[in-house]
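Novice: Okay, so TrEMBL annotates it like this:
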SIGNAL    1-23  signal peptide
DOMAIN    22-128  domain 'Cadherin'
DOMAIN    129-237  domain 'Cadherin'
DOMAIN    238-342  domain 'Cadherin'
DOMAIN    351-447  domain 'Cadherin'
DOMAIN    448-557  domain 'Cadherin'
DOMAIN    581-678  domain 'Cadherin'
TRANSMEM  694-717  transmembrane segment
Amino acid sequence: GWAGAGRVALLAVLLCLWCRAVAEQVRYSIPEELGRGSLVGPLARDLGLSADELPARKLRIVAGDEKQYFILEEDNTNLRVNDRIDRESICGAVSPCVLSLEAVVENPFDIFHVSVTIQDINDNAPQFNREFVTIEMIESTPPGTRFPLGSGRDPDIGVNSLQNYELTPNPLFSLLVRESPDGTKHAELVLEKILDREKQRNHHLILTAVDGGDPVRSGTAQIKINVTDANDNPPVFTKEIYKVRLMENLPEGSLAFRVKATDNDEGTNAEITYSFGDIASSTRQLFTLDPRTGDVKVTGPLDYEERKYYEASVEGKDGGGLTAHAKVHIDIIDVNDNAPTLSLLPILNPIPEDSVPSTVVAVINVRDRDSGENGEVSCKMDGNLPFRLETSSENTYKLIIASPLDRENVSAYNITITATDHGSPALSSSTELVLEVSDVNDNAPVFEEAAYSAYVWENNAAGALVVRVQARDADAGTNGRVSYWLAGGSAGAAGAAALVSVEARSGALYAQRSFDYEQCREFAVAVRAQDGGAPARSSTATVRVFVLDRNDNAPRVLWPAAGAGAAAPGAASAPAPFEVVPRSAEAGYLVAKVVAVDADAGRNAWLSYELVQASEPALFGVGLHSGEVRTARAVSERDAAKQRVVAVVKDHGQPALSATATLHVVLAESLQEALPELSERAAGGEAAAAELQFYLVLALALLSALFLLSVALAVLARLRRA
């Protein structure tokens, strides 16, 4: 069981490898002259591409021919004919006639070589260069003498080309068909019997050339034979076959070669006139033959790429009408007169900047019509760029990424590709390809500062601008579009949102409420900058907000404590604080210390003290910064026993705020001596309290009386209406 499974697996692997090998080279064969849109073959299926994967694989074709003979259907499944294909104009006598192209697929990238063989159809009938042929024969011509009749021309190949000649039956003449080394068939007329001019001066024959196609096509030429009197010696060419090699760049008007014939007769019978015998019309346009000298000159452009070989026959006729014939074989030698041609097929344009090295971005197809070394081409790329050329096949190159791309550094590349052949001198041609690099989201936003500091005066208005943060993203489009969000802070995300808000587009931070320096002196929030890519990238910056103090708090006196001013309504006020100073006190005696605080900070909390009111202004003084109340001079007997001192406490804000402190001083040597003064103060306080209580009771009685009067009036009014 395991052995059987192994054989099945091995067979599957071999089948996959075989299919892959087949897919690398796809061959089709079609007849010529198919109409536009005719099916060549199911290219997608033959490449192993299913209908589901076809859109992603992006099948395309590239050909090096000037004419685009083939196209893909809109759904990229079948290969079809795009333009008329005439095998004879494309390939001439070359067989087989093959048109090559490359099929390119992506995801993953691959190149397949496709060859289409063009089959010949019998669409051309044989033709003779001359429809009427005149031959001069002297009546003494011995039997067996042969006279060239030329050859017919049929551009078709194989069985569709010229296969045989037929001659109308005549007892005096027969037909001999000879085949040259290149396969061309030539007809020769053979004299079978001695001619008798007295019996018949002219003979008329019809030569027919037939091909082997289905149906058979044919062409005819009429042959007229004139029988002349005896002329002893016919002309004789110096060579039976003239073999000539001509460079294809030979200028027009140049002497190509010379033919020469001699005649042993004398007089007009020895004067030889030269002419072309069997010659194609296309060859006649390229060469001229001087009828007297036998000089053959070039009269048209020779092109090795169009035709490599020409064949003709020349005739020499003397004055007596006798002729001689010779063959001329002309070989055209290739010179490097064709520069390479390039065709480009972009695969990726624009190129995502995160494309990995070895990614194929374009396919270059190179063609050179010359042959041999003149037709061998190499390609190179100019400049030091992150790309390289790699050979895919004999005429195809791949342009691939050689090193990583970065759109933020270089957003487009102008690539010049030069193709140079190996001829001498070498010819070259260039083409330019502009490749743009598309952006991917590979850069996170970067703040201008990693940490921001903002300073805001307290008591600000809600909605006031605190600070503006800014981040830049090197990417483009939506990948580089930055928006801002709160990401938390020292008070957490919810706490930060309660303090400030950020505008998503501008990065401006606004205060959500009025700040109080005495409650919150500083706080930090985290701002996140996020781009619009997918997935999005982000970075965070810290914004530390410092609340600046304003002078919005007046100083508060802690000692001496406030007296009646702090009592609740309806309650007896506590007696004001007092200090006892002995009458023997000298100057500088510490009476008391005024203690005050200010909730503000800095200069707004710097306090100074000043004496603003006293029973004896010259008796007391207060320290400017200490708040200590001391005697300014020695106490005397003349000073009143009870003294009242009022000090003001001021801060240094702009504008300055202040508070007052009242201090009662009793001048006495001992506490027992001061008690009577203190009792008076207590009694005075009780009397004042009693007086206040009386007024309160009186007010309550009046309110009750008014209420009872209102009720009585209401009852009386109701009774009167009843």
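Here, residue 1 is simply the first one shown, and the rest follow in order.
Backbone N, Cα and C atoms are what each Cβ position is placed from, and that goes for glycine too.
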Novice: Summarise the domain 'Cadherin' (129-237) by DSSP state, stating how many residues are helix, strand and coil.
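Specialist: The counts are 3 helix, 58 strand, 48 coil.
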Novice: Taking contact to mean 3 or more CB pairs closer than 8 A (sequence separation of 6 or more), are the domain 'Cadherin' (351-447) and the domain 'Cadherin' (581-678) in contact?
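Specialist: They are not in contact.
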Novice: Helix, strand, coil residue numbers for the domain 'Cadherin' (448-557) per DSSP?
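Specialist: Summed over the domain 'Cadherin' (448-557), the classes give 12 helix, 49 strand, 49 coil.
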Novice: Going by DSSP, how much of the domain 'Cadherin' (238-342) is helix, how much is strand and how much is coil, in residues?
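Specialist: Helix, strand, coil within the domain 'Cadherin' (238-342): 8 helix, 49 strand, 48 coil.
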